[in-house]
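In what follows, a single structure is set out as structure tokens and then discussed.
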Amino acid sequence: MKPTRRQLLYGSGAAALGAALSPFAWDAVKPKKPIPGAIVGANSAFGHRLREGAFPPPIDSGQHEVIIVGSGIAGLSAAYNLDKAGVTDIRLLELEDHSGGNAHSGHNAVSAYPWGAHYVPLLSSESGHIKELFRDFGIITGEDKGLPVYNEDYILNDPDERLFIDGRWQEGLLPTLGVTAEDQVQYKRFLAHMEAFKIERGRDGRRLFAIPIDESSADAETRALDRLTMKNWMLSAGYTSEPLHGFVDYGCRDDFGVRHDEISAYAGIHYFAGRDGKAANTAPDSVLTWPEGNGFLAHKLAAPLSNRIISGALVYSVRETSGGVTVDYWDGHTSRRLTARAVIMAAPRFIAGRLMPELAAPGFTYAPWVVANLTLDKLPEGRGADLAWDNVIKDSPTLGYVVATHQIPQMQPLRTVITYYWPLTHAAPAEARKEALARSYEDWQRLFLSELYRVHPELVGQVRHMDVWLWGHAMIRPVPGFIWGEPRQAALKQTPPVFTAHSDMSGISIFEEAYTHGLKAAQAVRAFLA
Amino acid sequence: MQRLLLISVFVIATCGLIYELIAGTLASYLLGDSITQFSTIIGTYLFAMGIGSWASAKVDKNLLAFFIRIEILVGLIGGSSAAILFLLFDQVASFRFLLYFIVTVIGILVGIEIPILLRILKDRYEFKDLVSRVFTFDYIGALFASILFPLVLVPHLGLIRSSFMFGTFNVLVALWLLYSLKEPQPWVRLHKIAAGLVLIILTFGFISSDKITSLSESNNFAGHVIFAKSTPYQRIIVTRQQNDIRLYLNSNLQFSSQDEYRYHEALVHPVMSALKAPKNILIIGGGDGLALREILKYPSVGHVTLVDLDPAMTKLFSSSPMLRKLNTDSLHSPKLKIVNADAFMWLKQQRANPPIFDAVFIDLPDPSNFSIGKLYSTAFYGLLHSVMGPDSLAVIQSTSPLVARQSFWCVNNTLRASGFQTAPYHALVPAFGDWGYVIASNRPYTVPTQYPAGLRFIDADTARDMFSFPPDMGPVATKIQRLDDQALIHYFDEEWSKYLIY
């Protein structure tokens, strides 16, 4: 069988990248001295200690009302909401040296920049509970004609996205260059189809695709979409256009780290149809973003909690006892034991299951990602369309890059930081993870720079610094059957005094889901404590 | 050796005339009025040659070594003269002084050449043959140069490269002589080193001429490029043709000295004359100091803050004598404070304790890309609000309502959406076309009937007429320019690209 173009392109991310620049070309442009930087990020070596076990006996280190294991958005949300409700004797245990999880960010002399999640869409009609938070944070500043007014500083500036195709840039991500009339017809039909899904409600009066996902309609025929792959659903619905498939595949890799031929059609459609938010002062498809990405939200959530977050804490045992729950953790030197009346496991399920076998959930798989932040002495240019926030390169295994200084209203920043996102979808997650962990900083530099220089030859010699972050288990993978299947439903059950909160319980890794699970866990804990 | 020396006469004669022509041409490019420039340059040059001839009598020892030194010096100074003049255009207080100084130095050196040569050759020829041969080659060289210069050099090499090239010819003559000396002389080695160094400098200059001004660029503009500089923000080009000085930023025309008074009078006076006694003024953009020139015609003005992004712009217009004449040296006014900053960020910084300006002039480039488009958005106009009192007035240059009707009304409508009352108007500026402005205010605006004396374009009748729009430029409904949806950029791009096809 002749391989299709798609198979060739995604057959191997590394191969595709390698082919982008022949070794000869790479030799011509490769920096004379390696660009300073390092592989930073998720402390996998520390985390892997958990597998080895054998920790010294713990020292009793006190008692609290609630212990939260993990300080990603779900853990921070739980703590923030407990604190707000007056449950203040809480501790968050964090493996890393910072809180925020996937919403982590960094900063240097040029700009703040994201290390992971970097935007939130306008709040959906089911996200009323997040509105209050956004008001507290100054993200929503008022209301006009029944619609929220969002802070103009945080609404994504124009131009939002551009696509590099056939050697030049175009505005927007749906290819317009070199596509047929049939492609255009299918684009239109597909987008109209998604718009219809956006407002369609089931027999129970709920939207078919809601955010949070558990607010969606229970209609069986919609949930049946969860058993198909997105690609097969598209083909069955008559969508055959190759550029349209490329666009949808891009969206799936972007939001879930899963290719469209591997993802549940329910999840794929949810990406396009879930976001029905409206605002008084911007278009419905706008999003909210910050130079540091969702690090803005993580910092705001963590601000009132800072003295109660214990970082560098490797939790290795969580056990129910007659008096509540004991949590043992190792801080790199000493093992410590905390006791609490309730525990919220706000870590991903693959970790929670390791700590408490009853939480184990083998059906949960996670997508590995690599993120690179590049500090540039010059803004990227390009023919055809101005530099945008999101700059996507067609047929690249990476997702392209986001410009950290985009929201700064300065006319022309002279330097910037760009964030490259690369979901490792070319192989099975475990395999891709292993391959990524084996790569050296120089390997990553070569991969990212050859990708950058291919599109931006003007940036040769202009990259001042580069850091790479490996996310071994970045996002839950909503493969067919996962969202409405048994394992996820089972994972939603709370078993006091141990509660759970994580976006993987939704099957989609977005801020709203993580925040909602944190909020719900906080409410459940309060009810339990009362 | 004799033949070699006679060929040298030809080469140095050619080079000598080329330097003179380059200086004359550059002077008329840079200072205008070619008749005056050429005749004063030729006069100065010939007079300096006279000084050189006179001074040549003082040299008695080792004439050949002296001649070689002169050749190397002529090559160095003459060869780099065009580049020096071009690069120092905005750097020195008196450009004229520099120009005549360089011309004099070259003239003196060239003036020394022939008398010394005559003396070197005097024992090898009869006097009558000597004089006839030397001057024959001298005049043939002059003819050759005068034909080569306009037909080949200026159009195909450009002034800067030509000057470097002829500098190398002088040095090559010196080197040739050095290498053809039969008997070894102790001074030869040092001279060879010096000649070699100068040759390297000139070759480097020749190669990097494009960095100073590329020839292809010179051909893109109607006049001669007399200043070119790439700053981190933009490429600044000043051209001159006769008395028409033009400024281009990223190849877009910013003004023509022939009619800029129309543009700037129309920008400034309808606002300034409508205010009782405007004291505190803000200019955003306008680093050329031309709007400021008009503003300073009001004696009530106490403080002017000029916020322009690019320090190179304000520096150019406050140091070049030619441009200082154009803006009547407004950038040196003691009332002025220049802030080289991004206007959006600067206004944002003022938010904590905003100064109030009686009049604000927004004289920015057209909204041709998303970067500059931010300065036409509701967010920017919101900040503008914060530095205006109830009676303050602001005016925004708003592209051509004739060519880009939607763009113009989009600026007007965006100001209205930002809570301003607006008074749109337009004026004919031949270099641009029919040009538009919008006055933004918190109270209704009335067109003034009194204007300062001595204006060339604005009077009560002209001003009144500017506020009426013929049907083909009249108001249209448009989208609003917002940071998250830059409608204006799309209007502008579409309307101007259509226009430029014709």
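Using the three backbone atoms N, Cα and C, a Cβ is placed for every residue, glycine included.
Since this is a predicted model, take the numbers as computed values, not measurements.
TrEMBL has this to say about the protein:
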- B:Gln234, B:Asp308, B:Asp342, B:Ala343: S-methyl-5'-thioadenosine binding site (BINDING)
- B:His264, B:Asp288: spermidine binding site (BINDING)
- B:204-442: domain 'PABS' (DOMAIN)
- B:37-57: transmembrane segment (TRANSMEM)
- B:64-89: transmembrane segment (TRANSMEM)
- B:95-118: transmembrane segment (TRANSMEM)
- B:130-153: transmembrane segment (TRANSMEM)
- B:159-178: transmembrane segment (TRANSMEM)
- B:190-208: transmembrane segment (TRANSMEM)
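Filtering the binding-site residues B:Gln234, B:His264, B:Asp342 for a Cβ under 8 angstroms from any Cβ of chain A leaves B:Asp342, in order along the sequence.
The transmembrane segment (B:190-208) makes contact with the transmembrane segment (B:64-89), as judged by at least three Cβ pairs under 8 Å among residues 6 or more apart in sequence. In summary, the transmembrane segment (B:37-57) does not lie against the transmembrane segment (B:159-178): fewer than three C-beta pairs, each 6 or more positions apart in sequence, are under 8 Å. Cβ neighbour count for B:Asp342 (S-methyl-5'-thioadenosine binding site) (all protein chains, 10 Å cutoff from its Cβ): 22. Beyond the transmembrane segment (B:95-118), the same-chain residues lying 6 or more positions past its ends with a Cβ under 8 Å from any Cβ of the stretch are 5, 8-9, 12, 15-16, 19-20, 23, 26-27, 30-31, 40-41, 44-53, 55-57, 59, 63, 66-67, 70-71, 73-74, 77-78, 81, 84-85, 88-89, 130-131, 134, 138, 320-322. Within the same chain, residues at least 6 positions away in sequence whose Cβ sits under 8 Å from that of B:Gln234 (S-methyl-5'-thioadenosine binding site) are B:Leu249, B:Asn250, B:Asp310.
Cα of B:Asp308 (S-methyl-5'-thioadenosine binding site) to Cα of B:Asp288 (spermidine binding site): a distance of 9 Å.
Shown in sequence order, B:Phe255, B:Leu290, B:Ala291, B:Arg293, B:Glu294 are the residues of the chain, 6+ apart in sequence, with a C-beta less than 8 angstroms from the C-beta of B:His264 (spermidine binding site). Non-local contacts of B:Ala343 (S-methyl-5'-thioadenosine binding site) by the CB criterion (under 8 A, 6+ apart in sequence, same chain) comprise B:Ile284, B:Gly285, B:Val307, B:Leu309, B:Leu364, B:Leu375, B:Phe380.
B:Asp288 (spermidine binding site) sits 16 Å from B:Asp342 (S-methyl-5'-thioadenosine binding site), counting Cα to Cα.
Pairwise Cα distances among B:Gln234, B:Asp308, B:Asp342, B:Ala343, the recorded S-methyl-5'-thioadenosine-binding residues, top out at 16 Å.
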